[in-house]
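Asker: Sharing a structure with you now.
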Amino acid sequence: MTVDKNITNDVVGDIPDDWRLELFGENILLNSMVDQSKMTKDVENPEAPQEDAPYTVTESQPTQEFFEGYEYIALFFGANYCPFCKKFAPSVVAAKQFLEGKKCKTIFVSNDRDQDNFDQSCAKVRGLDVMEYDTTKTAAMRDLFGLKTIPALMILANKDFESKKPKIYSNAREILEVDPQCKNFPWGSIESRQAAPVTAWERIWISGKHGNWWQLGHRNVSEVHPGDMYMDEHAVRTRAGLLNIVTVVALMNVFFIEDPELVNIIFPLVAWEFTSSLIFGLTPFAPLGWIGTIMSTILQPTPLWKPANPKRFAWAIGLMLATTCFILVQYRKELGAAYKPSVTAVAFTCFLATWLEGNAGFCVGCFLYNNVLTKYFHYEECNECKL
């Protein structure tokens, strides 16, 4: 996709203070005006053929003029590499007419990593106008809105332009699924509604409307998916940090302590931790899960709910790695010179995985779940894609 270089900028002279100009730039690309015959045939099919003619945006409109007369702004954050964005895009395109009726202007904000993918994204979100490709501005917007995953559908108030930042109503990514015709627009924040009903004790001990103590996670914490099970991401990451300490001890044992009996202490602890949490969740039988949950309840009063099933898969991988380490130690004499490199590789993999989960918020198991199990084994998708 190319932009006509003959487009003139209607914003002249001194640019007034306006957060819309700061966020979006001076012009919005009128992607909805592109010749429909030159677009991807099927917005839901990323492999759909395109016409030989180049996909060209020939018009733009000054940002302030573009949003004039609207009370709200809907920003669809997506990217060509994200399968969940491609699946969500038709819902946003279909909702555009209903949002327009509610005086809400919708635009696409690309999180693509290069111009070619941006071009493909624009071709696939036909009917939506788009913000000009600018990775710096997009990164600043993600920081402003606290976005860690895509797709996202941020709803802003189109007012108070002299403020440093806009008023944010919600991330309506999930809300749009249950209100596709936008009858209850403007929506409130689903995140705040999720967390409100859960007491500190209920975060530690699942009971009442949230389910039973032996469940993997909490139910009825999401108004959009009340029957689905969720886990508090704060507790999961805290527990990962504790497991990271255990893996450090294991690595020290390989290189410095060299006490095989220490493995007989570490492995049962880790094996029980993973096995019990695989079946019953972080509480009540996983000791580090208990500690992590209590710590997160004290340090993070508001829970951060994430789907539980990908976590179960991630912990199964952790159990497999821990078991591999234990077996290698048992056969250390037979392995000879290959023992240390082998057990170090496995232990370091455990260390890296727990470090990424606890410190960077990146779950290797969840990544594999979303990109392998959902793709090749038709598991239910986790509805978030890491940026």
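Just so you know, glycine gets a Cβ as well, placed from its N, Cα and C.
Note that this is a predicted model, so its numbers are computed, not measured.
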Asker: Quick test of your reading of TrEMBL: among 77-100, 269-292, where does it put transmembrane segment?
Answerer: 269-292
Asker: Where DSSP helix means H, G or I and strand means E or B, what are the helix, strand and coil counts for the domain 'Thioredoxin-like fold' (71-158)?
Answerer: 40 helix, 25 strand, 23 coil
Asker: Can you tell me which parts of the same chain pack against the transmembrane segment (269-292), counting only residues 6+ beyond its ends and a CB-CB cutoff under 8 A?
Answerer: 204-206, 213-217, 231, 235-243, 246, 308, 312, 315-316, 318-319, 322-323, 326
Asker: Residues sitting near the transmembrane segment (343-369): Cβ under 8 Å, six or more positions beyond its termini, same chain?
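Answerer: Contacts of the transmembrane segment (343-369) (Cβ under 8 Å, skipping residues fewer than 6 from its ends): 148, 233, 236-238, 240-241, 243-244, 247-248, 250-251, 254-255, 309-311, 313-318, 321-322, 324-325, 328-329, 332, 379, 382, 386.
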